[in-house]
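Record features, source TrEMBL:
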{"type": "BINDING", "residues": "A:Leu20, A:Asn27, A:Lys156", "note": "xanthine binding site"}
{"type": "BINDING", "residues": "A:Ala128, A:Asn129, A:Gly130, A:Glu131, A:Ala132", "note": "5-phospho-alpha-D-ribose 1-diphosphate binding site"}
{"type": "DOMAIN", "residues": "A:32-157", "note": "domain 'Phosphoribosyltransferase'"}
2 protein chains.
Amino acid sequence: MKLLKDKVMAEGIVLGDQVLKVDSFLNHQMDPNLMKEIGREFVQRFEGQKITKILTIESSGIAPAIMTALELNVPMIFARKNKSLTLKNDIFVEKVYSFTKRETNEITVSKKFMHSNDNVLIIDDFLANGEAAFGLARIVQQSGANVVGIGIVIEKSFQPGAKLLQEAGFKLESLVKIASLENNTVTFVEE
Amino acid sequence: MKLLKDKVMAEGIVLGDQVLKVDSFLNHQMDPNLMKEIGREFVQRFEGQKITKILTIESSGIAPAIMTALELNVPMIFARKNKSLTLKNDIFVEKVYSFTKRETNEITVSKKFMHSNDNVLIIDDFLANGEAAFGLARIVQQSGANVVGIGIVIEKSFQPGAKLLQEAGFKLESLVKIASLENNTVTFVEE
């Protein structure tokens, strides 16, 4: 997605070999028109899939997910992150480890909003190790619903998440794929 | 806002005298078309104010805020919530107490994204005691920017936040005002 690549080149800040900071348009300040275009692009990439729900995780996934939901005219659900919970019967729970924060969170979705006849598109801002995406997919699977695919705004292709998700059989669409952040430079995957 | 009142009546769940659960369209599952209409309504209510930025707080404020930002074609910033931080020079920090969660969080906004020439509209999903709204307003004031006003999706008018914000001189626009949740019933403020 050229618009997004241009934005990464213009405003992305490389912090070491692993971290790309994009807090001017995606993770803290957000560009609403870019979010709208991202939503449209996801809808194109998953065209013809009869999506009934969008699922993301708080917080940075919410804006791209709501724009995708708007374009498709379907509900969006954001999974909540919690340190730990007393077990409840009315929620789906999965554990997700964050390598960045070095902590495990429980992510939850209410059973009221996901059912076995749903076709769910998972959306998230970043893909690195794939922990969040796998956690969201396991929640969809718990509900008996179908994972239509996984849409990612920025994939760090040099980390294992993308390969692992594809090996697990998920249709993965990443709008921007980053091959490397070495030498303080963003190098995109050639396509 | 009639559309929102209807949604509250149809799907809101009263949990005791203080808590209205609206997780089917605002706090967990979200209705994207309703979010779009909410964005339009906020823009109408603050018409002519030369808004340059929308400010909200993660997580449930993000969807209404990004739709408002889209309608106005201005950036949206969501303040981040943290348990506590080592002091940094490049962020504005304010403490916000949550009565619901009985904990104090630090909310932060990067100094890069808010400046003294900004006219900032604050958006949030709920107004109860006003802690979050006041915290966001103090962050805007720290930056030297102007608080254009505060837009709230659901105001619980029987709690002190609305009165306190108006007494402090803020222009407050709440799309739905709830007078009481007593007797397991939603009673709106008559307008």
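Note: Cβ is positioned from N, Cα and C throughout, glycine not excepted.
What TrEMBL says about a protein is an automatic prediction, not a curated fact.
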Integer Cα-Cα distance in angstrom, A:Glu131 (5-phospho-alpha-D-ribose 1-diphosphate binding site) to A:Lys156 (xanthine binding site): 13
Reduced DSSP assignment, A:Asn27 (xanthine binding site): coil
Sorted by sequence, non-A:Leu20, A:Asn27, A:Lys156 residues with Cβ within 8 Å of centre, xanthine: A:Gly12, A:Val19, A:Lys21, A:Val22, A:Leu26, A:Asp125, A:Phe126, A:Ala128, A:Ile154, A:Ile178
Residues A:Leu20, A:Asn27, A:Lys156 [recorded xanthine binders]: greatest CA to CA distance in Å: 15
Sparsest Cβ surroundings (other CB atoms within 10 Å) among the binding-site residues A:Leu20, A:Ala128, A:Ala132: A:Leu20
Residues flanking the 5-phospho-alpha-D-ribose 1-diphosphate site, with Cβ no more than 8 Å from the Cβ centroid of A:Ala128, A:Asn129, A:Gly130, A:Glu131, A:Ala132 and excluding those residues themselves: A:Phe99, A:Leu127, A:Ala133, A:Phe134, A:Gln159, A:Gly161
Using Cα positions only, nearest of the binding-site residues to A:Lys156 (xanthine binding site) (A:Ala128, A:Asn129, A:Gly130, A:Ala132): A:Ala128
All-chain count of other Cβ atoms within 10 Å of A:Lys156 (xanthine binding site): 23
Of A:Ala128, A:Asn129, A:Gly130, A:Ala132, i.e. the binding-site residues, those within 10 Å of A:Asn27 (xanthine binding site) when Cα atoms are compared: none
For the domain 'Phosphoribosyltransferase' (A:32-157), the number of residues DSSP places in helix, strand and coil: 41 helix, 48 strand, 37 coil
Cβ-Cβ distance under 8 Å to A:Asn129 (5-phospho-alpha-D-ribose 1-diphosphate binding site), same chain, at least six residues away: A:Phe99, A:Gln159, A:Pro160, A:Gly161
For A:Gly130 (5-phospho-alpha-D-ribose 1-diphosphate binding site), nearby residues of its own chain (Cβ under 8 Å, 6 or more apart in sequence): A:Pro160, A:Gly161, A:Ala162, A:Leu164, A:Leu165
Pairwise CA distance, A:Ala128 (5-phospho-alpha-D-ribose 1-diphosphate binding site) versus A:Leu20 (xanthine binding site), rounded so that it is a whole Å: 11
Length of the line joining the Cα atoms of A:Leu20 (xanthine binding site) and A:Ala132 (5-phospho-alpha-D-ribose 1-diphosphate binding site), in Å: 18
